[in-house]
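Here is what TrEMBL records for this protein:
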{"type": "DOMAIN", "residues": "A:80-212", "note": "domain 'Acyl-ACP thioesterase N-terminal hotdog'"}
{"type": "DOMAIN", "residues": "A:240-344", "note": "domain 'Acyl-ACP thioesterase-like C-terminal'"}
2 protein chains.
Amino acid sequence: MATISFSFLNSLSPHRIIKKNDASSWGLVVKDLAKINTSTSVGVIRTTFLKPKMMLNKLETYPYTVPGLGLGGVLKDEFVFQQKFHIRSYEVGPDKKITAETLMSLLQETALNHLKTIGVWVDGLGLTREMCNKKLIWVAAKQEVVVDRYPIWGDVIQINTWKGAYGKIGMCSNWAFYDDKTGDILLRASSILVMMNEETRRLSKFPDEVRGELNRHFTYTTPPTVKEETRKWSTRDRSTEDHIRTGLTPTWSDLDMNQHVNNMKYAGWIIESVPRSIVKNYELASMTLEYSRECRMGDVLQSRTYVMGIDTCKLADYDHVDCEHVIQLESTSDEIMKAWTTWRSKKGNRLE
Amino acid sequence: MATISFSFLNSLSPHRIIKKNDASSWGLVVKDLAKINTSTSVGVIRTTFLKPKMMLNKLETYPYTVPGLGLGGVLKDEFVFQQKFHIRSYEVGPDKKITAETLMSLLQETALNHLKTIGVWVDGLGLTREMCNKKLIWVAAKQEVVVDRYPIWGDVIQINTWKGAYGKIGMCSNWAFYDDKTGDILLRASSILVMMNEETRRLSKFPDEVRGELNRHFTYTTPPTVKEETRKWSTRDRSTEDHIRTGLTPTWSDLDMNQHVNNMKYAGWIIESVPRSIVKNYELASMTLEYSRECRMGDVLQSRTYVMGIDTCKLADYDHVDCEHVIQLESTSDEIMKAWTTWRSKKGNRLE
């Protein structure tokens, strides 16, 4: 075993320029054989490091450390949870801005970390002790998001989130995203979460015992982040829509820790049926999502978009575009969710 | 405008327990109206904060700050780039471990941040000045990953990555993931990247000018992370496979900044055709991915898995399972990629 050769590229048939004799120089020729020990197993041939712990010295000073980046914490007012995020390359889309899915994921992440930090979380996705006792889980009923400016890869953003009671039936979560460098607000969002019995799959009232666990963490004085979207579902003939994306199916990796399709997927599915001319020329300025029923592994979905009152052939004439959307089961047309979105032109026109 | 009411839930027809009169208590009743100013626009009704910058005091001390979390940097040896990551809730799957897609994403993120940090990056996804001049882009040819232990949500991991030349045709990237708390190694990976002409879509040799830009950042002395997977594609009759997932389609959010389907999607698609009994009872111990051709928006794909030499009805009898996989175009059966995976039983048996 003079060298560890990587002579596999001969199997890479479409890449004919790769010759087998190139393979000895992966840039990985091992000069100090004492450092490694190769063990072979059935199916997995691996190189084991003799030094099992970190083989490289720790970096003493990070040239690009961001102060305060971490798991987040609750502010002095005891109600607002704050966490910073560094936007990663795979969280941005082809336009280099964070995707709608990432945006929804960050809402989830901070809401959950908030519950974790205040210590009411016992199990699952944000379940309190009393929720576990009563077999209740959180279900998103409605989400509203307004984006002023999208962060891009490499940006550091600060997210503040706080919660309140939603009447007698649930909880409202609020968020504000800020540019960590300038302090400018980037995004505001609000969600309503209600409770469902995990076994019967029926919605439940918010029991006093659960309210008792959460109440002291609810704030009633912090301003709301997003005002209600007052538009109602249009009365247009829905059989006439021409923007449909069929055959959408949740994958294994779309499931969350509750074995449910992650909420963040829905935002992506909505965009799937938006005409490409809109996705390319406009950016999503706001969305309102209303969840109707659960989506499960094995469901085949359709995403339908109704572009409101414009001629999509004359996009240059519009500063913004409004759309209605439905995600439904392909087999029965049962509605999984509906949504409204507003898109603003990328030409620099901002809705005011 | 006495309060900002959120009276929209009456439209939430499937949630009949939500009454309209609940809506005045989103937990968001604004007591200090001086703080807000509601402006109405076409399509977007929003609440504007009079104080445009961050409305809340910054957290002075983060109770859960992780030292060294940030954008990463190059170690003193000048070859190894190191970055820490805090695993987020949406990066883990139903088994609470990071998904194969997240794993692949972190490989990409650190490889790109490495190029960014050493200053050879000019544009796109890791393109140097000479690559831009010659209209060359990076293309992954092969990736190998061996997972010893999966990080879970909330874990902080340290990723080290370093690069070397791959013969005359490309670059090899290597990674090691460590548990930041214990220093234990979690994962090792290696990739071969070759160059493609962006216009002709043909593979290209590694030009001397590009080599000149990168060479001083290549290391030839650091041990390899993963030894070659020597198995060859089996000769079994491929018409007999019974694990097929049809109708896989890239979505808009699967595209990267180059408008190509992100590599990380492939790992997810492979798992889609692995029998659920394997996905549930085993964890992915290693994978070898060989990329054959580009996948583009609009392609409809099939994922096929061949479980090697075991009876899937008797899973309890096996410590590990080997699989072969193909991702191909549904229309022409043209191969997009092939792969080998090894799965180890979740009962605690570890392959040695």
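Note that the numbers count up from 1, one per residue, in the order the chain is shown.
The backbone N, Cα and C atoms fix where each Cβ goes, glycine too.
Any TrEMBL annotation is an automated prediction that lacks curation.
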If I take every residue in the domain 'Acyl-ACP thioesterase-like C-terminal' (A:240-344) and average their pLDDT values, what number comes out? 87
How many helix, strand and coil residues does the domain 'Acyl-ACP thioesterase-like C-terminal' (A:240-344) contain under DSSP? 25 helix, 45 strand, 35 coil
Count up the helix, strand and coil residues in the domain 'Acyl-ACP thioesterase N-terminal hotdog' (A:80-212) according to DSSP, in that order. 32 helix, 60 strand, 41 coil
